[in-house]
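**Q** The structure that follows is given in the form of structure tokens.
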Amino acid sequence: MITVEKMVVEAQIEIAKNIFKLVLFGDLVSKVTTPGQFVNVKITDSTDPILPRPISIAHVDQDKQQLVLIYRIEGKGTELLSRKQKGDVLTIIGPLGNGFPIYDMKRGQKALLVGGGIGTPPLLELSKQLVMRGIEVIHVLGFQTKEGVILQNELQHFGKTYLATEDGSVGMKGFVTDVIEQYQITFDRLYTCGPTPMLKALEANFPEKEIFMSLEERMACGIGACYACVRHTCNQDDDLGYRKICSDGPVFRTGEVVL
Amino acid sequence: MITVEKMVVEAQIEIAKNIFKLVLFGDLVSKVTTPGQFVNVKITDSTDPILPRPISIAHVDQDKQQLVLIYRIEGKGTELLSRKQKGDVLTIIGPLGNGFPIYDMKRGQKALLVGGGIGTPPLLELSKQLVMRGIEVIHVLGFQTKEGVILQNELQHFGKTYLATEDGSVGMKGFVTDVIEQYQITFDRLYTCGPTPMLKALEANFPEKEIFMSLEERMACGIGACYACVRHTCNQDDDLGYRKICSDGPVFRTGEVVL
Amino acid sequence: MSRLNVSLPGLQLKNPIMPASGCFGFGREFAELYDLSTLGAIMIKATTVEPRFGNPTPRVAETSAGMLNAIGLQNPGLEKVIGEELLWLSQFDVPIIANIAGMTVDDYIHVAQEISTVSNVKALELNISCPNVKQGGITFGTVPEVAKEVTEQVKAVSDVPVYVKLSPNVADIKEMAKAVEEGGADGITLINTLTGMRIDVKTGKPILANITGGLSGPAVKPVAIRMVYEVSQTVNIPIIGMGGIQSAEDVLEFFYAGASAVAVGTANFVDPFICPKIINDLEKLLDKYQIHHITDIIGRSWA
Amino acid sequence: MSRLNVSLPGLQLKNPIMPASGCFGFGREFAELYDLSTLGAIMIKATTVEPRFGNPTPRVAETSAGMLNAIGLQNPGLEKVIGEELLWLSQFDVPIIANIAGMTVDDYIHVAQEISTVSNVKALELNISCPNVKQGGITFGTVPEVAKEVTEQVKAVSDVPVYVKLSPNVADIKEMAKAVEEGGADGITLINTLTGMRIDVKTGKPILANITGGLSGPAVKPVAIRMVYEVSQTVNIPIIGMGGIQSAEDVLEFFYAGASAVAVGTANFVDPFICPKIINDLEKLLDKYQIHHITDIIGRSWA
Ligand SMILES: Cc1cc2nc3c(=O)[nH]c(=O)nc-3n(C[C@H](O)[C@H](O)[C@H](O)COP(=O)(O)OP(=O)(O)OC[C@H]3O[C@@H](n4cnc5c(N)ncnc54)[C@H](O)[C@@H]3O)c2cc1C
Ligand SMILES: Cc1cc2nc3c(=O)[nH]c(=O)nc-3n(C[C@H](O)[C@H](O)[C@H](O)COP(=O)(O)OP(=O)(O)OC[C@H]3O[C@@H](n4cnc5c(N)ncnc54)[C@H](O)[C@@H]3O)c2cc1C
Ligand SMILES: Cc1cc2nc3c(=O)[nH]c(=O)nc-3n(C[C@H](O)[C@H](O)[C@H](O)COP(=O)(O)O)c2cc1C
Ligand SMILES: Cc1cc2nc3c(=O)[nH]c(=O)nc-3n(C[C@H](O)[C@H](O)[C@H](O)COP(=O)(O)O)c2cc1C
Ligand code: FES
Ligand code: FES
């Protein structure tokens, strides 16, 4: 059930250059069902900026009624968000979308989680929940440089974690696909979130594998009403011919929508 | 010299229902020359609201580099202003306008200061400076009800202070003009700030007296550039035919501009 | 006794608040949030004869106090709208205003004829002004003669009253309003979006794939209020006003300007509960300003 | 070597930033704040043959991310503008663009003829679009033939290049631009304000004494960008763009859209130091985005 709630900021920490971890408290947490869902964050009560910002839920703690967002400063909205402090209140619309399917994986199976840059956060909750269900997880994370690396330690906790950076400043020099190849990583299913070129490369490299990827698009409503965030389906005979990233996704199986 | 400065909020206190006293700290204070000048307060860095709000300078402390604004919540801007707390920063444009002329009054002369409602604040600094120059001051303040009364104690400190309220809940029931008549208050010069009907009544009741009144108008620039705040001159043969309230005023001698 | 009910051609509204076309889909998403029967009416997404995918993405961009959209009239087409969406909506006690669009006059006639026979469709809203449709659509909304003509032809086939939605991208809105009134319109809705554009400073390229889009939100409210004020004094048919409404105070502003009901668009994206919230606040605001009935204040700002 | 200098008909600009007409008076107030010679140019307040007091107050109202004004072309009249204001301005090393207005074509001719001979006036800006002048003024700005005609006649008498300032209150800005280009305009400035209105919710009455006013500020920027984008690809004369500029980033957006220089209006009221601030920031922004010279990016958003 989607709700609109004034959630309270419990903490805000800069975990890497311009990347922040925001801990929010409120009832809305109890409505979160799957890793990979997101929320729409209304950053001010004013009209500047007017639209809410979609941010993935990185972590949920039902006992403490907390959820964690991890975001990078991109423009005005995220910059303003980064100035919020403990005790401040934010209007949150959510939880939104359908997350990563996990219930059909079987104990003992192996999941590869591939994160690219600021696409990594939703994999944290996913990894936790997979491990809780007895799934083996391996992480491959790609960043541009050392400075952008996030969540390595946290994910390490749940499973083996490889790193790649484009400039080689830490981990392997190259892309996530290079890491997977180099270490000949095998898996039953691949979950991923990150920039489109990365998603395309993964899709191309593992045409026979089951891959679930979380997508992004400019949004307005976040709930499926405005048709801002549609993608064509790959299947031309599909009854609808499109999917909305916000409400049908943001997670899709490869082959469902055109990247 | 007009400057634009980020001034620091040192205190914000609700001194009557919806009326606040805001203490600001900064260099700009040293530029204030006359009681009755005002500042333009940019309440947020955002575009909501976009225009700065003109507020009279109620009190200046050059030693502490402080100035005091006293304002009532009228709409969005003043409501947002009232939420500012110690340590917050506000962009202030000022000092603006020409205040009440005081240097031509002589020691021992008697000044009557008449304030109507939220027009009272600029009289505080005026009263202080007049007294410092050896002028005798008498205050007559008019409010709608007891709840709206402000600055009575502060002004009392400088000179005799009479009160009128429309509903008679405190002081004399009636208007400031009733008080002046009732107590047969005499004076050499009258200074006033308040609603236009009050200013008109004073002008009509004391046609032979020297009266200086502070006026209000919707403003944009506050510095004389946009022509938003003009009034016709009473003298039809005046070279210009108009005055700008922001930069030629806000204080005018009666008979200079049409009320 | 309600102080918010309003009677307009074809429409008995419990209250004068309705979501604007294109900002509420066909209501399904909002039905999970609140009871749609609380709404005065629902203006459904523009319906065309054939299904339309619309424009490539990005389709939205943010602006100061507003947003641009270039959805491109995406909709499942007349058949599905009638067979699925309107049928589904019939479970709610709420009149539907069917927003219809097309590339040709024949398209309009076709959609109007069929959709106006559906039982919960109580009025049509002729979208002659959508700035995002490239093939000719735009001229419908800016040339009085053409607007009049489409209105006449749609009126001739419609089973229900016809409201014409005007574009603000014109030099003289009164002229447009008079033309559609002459064409037989039962009411006017305005404003649709102003054509605008944004460029990404990082890339130097337009943000919207469609390059230009329609500007909506609080930024356009002063233009909307002005047009409602002008049109309401020019024609004798009622106006449903819209453009930047975010609060019950904004609703009053539209009524003072001359509107008889209002629609809420962009604000649904900022707060999905905004319509019930406004309905709720409006009643309180009538008390505050000692207004007996909302209809008492229509056009109060006129000289 | 400057990376900000721009050459336009009649104008050698140190930088492409100038205050917009009506938002800077005749510069006197700002001269007390900073050296006017730092500006690219100054567009002075509209000048008419006779002095004008303008409209009754209130003349301004705030809107979401914008403001309405109905100043009504207040100015001291041609004689004083030349004899006092322009003379005073001649102490600064800055070209003046004289914004001229009138009720009749003869008025325009009269003002143009005289003001264009003043030595620091390097160009005229024909204000055919001021929405606040009631007597006929408005139609100048919305009918292509009339706009062309005024342009021709003013061109015929002017000693300096003529820029025509277009009104955004039209259905097709390209048509207007073509008309004034045909009329001989040396450049186009746009946009003037959009006509809007606000009503005071407490009283139910219009806030502006003039009822309607011109909308400016960030709210209108998307409309301005769209029009600069359209017009710059339609005509072969340069454009000075304006509408909602608040920052150096906004300046880049206008250049990408196709402007060759820009004017800053409303923002001068929000921060009187905004023009020098933008000039200062712009240089840094060129570094950030690795732009060699500001003129390199004119029209970069075009397909
Ligand atoms: C489903 C989803 C989940 C996301 N999760 C995260 C996350 O966990 N962490 C994170 O850092 N970022 C995430 N993003 C991206 C994030 O929404 C944008 O970085 C953010 O909206 C930028 O806002 P801004 O005001 O800082 O930038 P501006 O450029 O000023 O924003 C202007 C407008 O563009 C939109 N916009 C800009 N960039 C993007 C983008 N990449 N995707 C969608 N809209 C955009 C904004 O929402 C806003 O409407 C997610 C996006 C989506 C769609
Ligand atoms: C020279 C001068 C001195 C002033 N001194 C004081 C003071 O010391 N204390 C105080 O409480 N008020 C003072 N005012 C009035 C004060 O400026 C307004 O109450 C305030 O601007 C209202 O802003 P708002 O956002 O709360 O109201 P809104 O109604 O939301 O404001 C909307 C717009 O209208 C303008 N506006 C609204 N009311 C007024 C008004 N009465 N005068 C001018 N502009 C107005 C605002 O500035 C803003 O641009 C003064 C006004 C002037 C011109
Ligand atoms: C995303 C979006 C889609 C829209 N789609 C339509 C549409 O299909 N038909 C239509 O007539 N108007 C459409 N509009 C215009 C709105 O109905 C409304 O006229 C306009 O947005 C102004 O109101 P607002 O400022 O409250 O949004 C759309 C607006 C938005 C923002
Ligand atoms: C108070 C005010 C007065 C104006 N007066 C004039 C004028 O005299 N002549 C003119 O051509 N434009 C005038 N304008 C329009 C501006 O020059 C400019 O075109 C418009 O405001 C858009 O720019 P902005 O959004 O940066 O303000 C005026 C604008 C404002 C706000
Ligand atoms: S953002 Fe509105 S439908 Fe997806
Ligand atoms: S407010 Fe601009 S001239 Fe007075």
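Glycine residues also receive a Cβ, built from the backbone N, Cα and C atoms like all the rest.
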**Q** Given that TrEMBL annotates C:Asn69, C:Ala70, C:Ile71, C:Gly72, C:Leu73, C:Asn127, C:Asn192, C:Thr193 as substrate-binding, name the residue from C:Lys45, C:Lys148, C:Lys174, C:Lys178 that shares the site.
**A** C:Lys45
**Q** So of C:Gly72, C:Gly243, C:Gly265, which of the binding-site residues has the fewest other Cβ atoms within 10 Å around its own Cβ?
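**A** With the binding-site residues C:Gly72, C:Gly243, C:Gly265, fewest surrounding Cβ atoms within 10 Å: C:Gly72.
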**Q** Does anything in the same chain, at least 6 positions from C:Ser21 (FMN binding site), have a Cβ under 8 Å from its Cβ, and if so what?
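**A** Those within reach of C:Ser21 (FMN binding site), by Cβ under 8 Å and sequence separation of 6 or more, are C:Met43, C:Ile44, C:Lys45, C:Ala46, C:Ile97, C:Asn99, C:Glu125, C:Asn127, C:Lys165, C:Ala263, C:Gly265.
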**Q** Checking the spread of the FMN site as listed (C:Ser21, C:Lys45, C:Ala46, C:Asn99, C:Asn127, C:Lys165, C:Ile191, C:Gly217, C:Gly243, C:Gly244, C:Gly265, C:Thr266): what is the longest Cα-Cα distance, in whole Å?
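**A** This binding site's residues have a maximal Cα-Cα distance of 19 Å.
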**Q** Using Cα coordinates, what distance in whole Å links C:Ile191 (FMN binding site) and C:Ala70 (substrate binding site)?
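**A** So the Cα of C:Ala70 (substrate binding site) lies 16 Å away from that of C:Ile191 (FMN binding site).
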**Q** Cα-Cα separation of C:Thr193 (substrate binding site) and C:Gly243 (FMN binding site), in Å?
**A** 8
**Q** Just checking a number: largest C-alpha distance across C:Lys45, C:Asn69, C:Ala70, C:Ile71, C:Gly72, C:Leu73, C:Asn127, C:Asn192, C:Thr193 for the substrate site, rounded to a whole Å.
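**A** Value for the max Cα separation, rounded to a whole number: 16 Å.
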**Q** DSSP on C:Asn127 (FMN binding site), three-state: which is it?
**A** strand
**Q** What does DSSP say about C:Gly243 (FMN binding site): helix, strand or coil?
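**A** DSSP call for C:Gly243 (FMN binding site): coil, neither helix nor strand.
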**Q** Run through the Cβ atoms and count how many others sit within 10 Å of the one on C:Ala46 (FMN binding site).
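**A** Total other Cβ atoms inside 10 Å, all chains included: 26.
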